[in-house]
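What follows is a set of notes on a single structure, which appears directly below.
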Amino acid sequence: MSFLLALDQGTSSSRSIVFDIEGRPVAMAQRELRQIYPQPGWVEHDPIEIRDSQLATAREAIARAGISAHDIRAVGITNQRETTLLWNRRTGAPLHNAIVWQDRRTEPICAALRERGAEALVRQRTGLLIDPYFSGTKLQWLLDHVPGAREQAARGELAFGTVDAWLVWQLTGGRVHATDVTNASRTLLFDVHANRWDDELLSLLDVPHELLPAVFPSSHLYGETDAGLLGAALPIAGIAGDQQSALFGQACFKPGLAKNTYGTGCFLLMHNGDRFQSSANGLVTTAAAQTGPQPQFAIEGSVFVGGAVVQWLRDGLRAIDSASAVQALAQSVPDSGGVVFVPAFTGLGAPYWKPDARGAIVGLSRGTTLGHIARAALESIAYQSAALLAAMGRDAQACGGAAVTELRVDGGACVNDLLMQFQADLLGVPVVRPQVIETTARGAAFLAGLSTGVYRGLDELEALWQPERTFHPTLPPGRASELMAQWEHAVRQTVAS
């Protein structure tokens, strides 16, 4: 039999999953990743730990599958996006810890760029906002703060990459310095229309072109792993940032198809085909996974606190002993009893973009119980996601684009039936949970399988995607609108306070 290996390098852990060619997981291995917090608002990872943990899980997954490396047709890589690394081309040694996407140290750089009036240029070329979230200002910070970095960069001695490029470099023994369009599109340095690094943006951020990796489609033969690393020289044949990989793994290949990943945060992406559309409603435009030369786009919105609100119920409020207990507690009451929970622990993301907002629970009464608060906490995940989809709908309506007719879901919290039903009720469209919810890793495997001939085309992949359960809306539309109005009122109170 033939198999595909997906390397899934995430923020909290490195994972590897072996898939059969039907897209079914055969074996998985996972190792947690140490989080480094040098100062408040700073988040880093050790690049060597990223590499070693990823290699260890790959070897473990192959062993657990009971197969030889020679049975693997191709390797796909998916990764935490925006996290920024800088290393020496000759030695492969990192100059500094990786600066993680959550890191906010470059806000002064971003503020200066906004003051210079650069927002319109950045938005038009990249589809993004000027924000510390993205890689470009992190790279500028490294060049300016690591002793000797600018001088080494000027001599062509350094390489920049997001996590995928770092892994490709390490897996190929430094022979390949490359990334894919989805990861490049998250840097603030990449023209998503022309599919190339942009000289004007590089100049704006004072980044030398010599640092940059080559950029290829997501489904592409990047190179081969060193034979000694995994037991055979395996083709690295697919790369995509985690959210675009999940969109691909959900078989969202056509305009209007959308997925929401319910993790620590929530990431909602809608495929937009070959149409670049700049959002007027607080969303960003990003490159979708690309299987050929033609640019493909997605509209994206991110929620900062999704499943993390359940962690807070467990660790902060101590209302539950385990995250899995939240559904039973929430179902101990018929509804939230008028309680609305706005979990703005770290501000509000899209479509509000209120970084200074802080969490609030409104509508408390003498009759409020922990059950009501737990239910309101779960519902907050659905409310925030519904606000994103409403913003996407307004953008689509403004340009005559396709409206979302169903939402495909994945991520750890998608197994919560109460949450998924409430999500469908708010949206007024079916919410579909697939049989295989490891869609991020599956997307990377699919991309690798396409470029190596395991799959003939997107139609074949579409047929492999199968629903496990569909949640149909049960609320009258008027009631859903009333609930969303209550949510928006609570958000306004939170922001005003």
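Using the three backbone atoms N, Cα and C, a Cβ is placed for every residue, glycine included.
According to Swiss-Prot, the feature sn-glycerol 3-phosphate binding site maps to T11, R81, E82, Y133, D242. Contacts of Y133 (sn-glycerol 3-phosphate binding site) defined by a Cβ separation under 8 A and a same-chain sequence distance of 6+ are given as E82, W101, in order along the sequence. In the three-state DSSP scheme, Y133 (sn-glycerol 3-phosphate binding site) is classed as coil.
Here Swiss-Prot flags T11, S12, S13, T264, G307, Q311, G412 as ATP binding site, drawing on sequence analysis. Within the same chain, residues at least 6 positions away in sequence whose Cβ sits under 8 Å from that of T11 (sn-glycerol 3-phosphate binding site) are L33, Q80, T83, V100, W101, Q102, T264. The secondary structure of T11 (sn-glycerol 3-phosphate binding site), as reduced to three states from DSSP, is coil rather than helix or strand.
The feature ADP binding site is assigned by Swiss-Prot to T11, R15, T264, G307, G412, N416. Using a 10 Å radius centred on the Cβ of T264 (ATP binding site) and all shown protein chains, the other Cβ atoms total 20. According to DSSP, T264 (ATP binding site) is assigned to coil rather than to any helix or strand.
The glycerol binding site annotation in Swiss-Prot covers R81, E82, Y133, D242, Q243. Its Cβ taken as reference, R81 (sn-glycerol 3-phosphate binding site) is surrounded by 26 other Cβ atoms within 10 Å in the chains shown. Annotation note: R81 (sn-glycerol 3-phosphate binding site) sits in a coil segment as assigned by DSSP.
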Spatial neighbours of Q243 (glycerol binding site) among the binding-site residues S13, R81, G307, G412, N416 [C-alpha, 10 Å]: R81
Rounded Cα separation (Å) that holds between R15 (ADP binding site) and G412 (ATP binding site): 15
Closest of S12, R81, D242, G307, Q311 to N416 (ADP binding site), Cα positions, binding-site residues only: G307
Non-site residues, in chain order, whose CB comes within 8 A of the mean position of the CB atoms of T11, R81, E82, Y133, D242 at sn-glycerol 3-phosphate: Q80, T83, V100, W101, R186, G241, Q243
Chain-internal residues near Q311 (ATP binding site), provided their CB is under 8 angstroms and they sit 6+ positions away: T264, A323
8 Å Cβ shell about R81, E82, Y133, D242, Q243 centroid, glycerol site members excluded: Q80, T83, W101, R186, G241, F267
Conformational class of Q243 (glycerol binding site) under the three-state DSSP mapping: helix
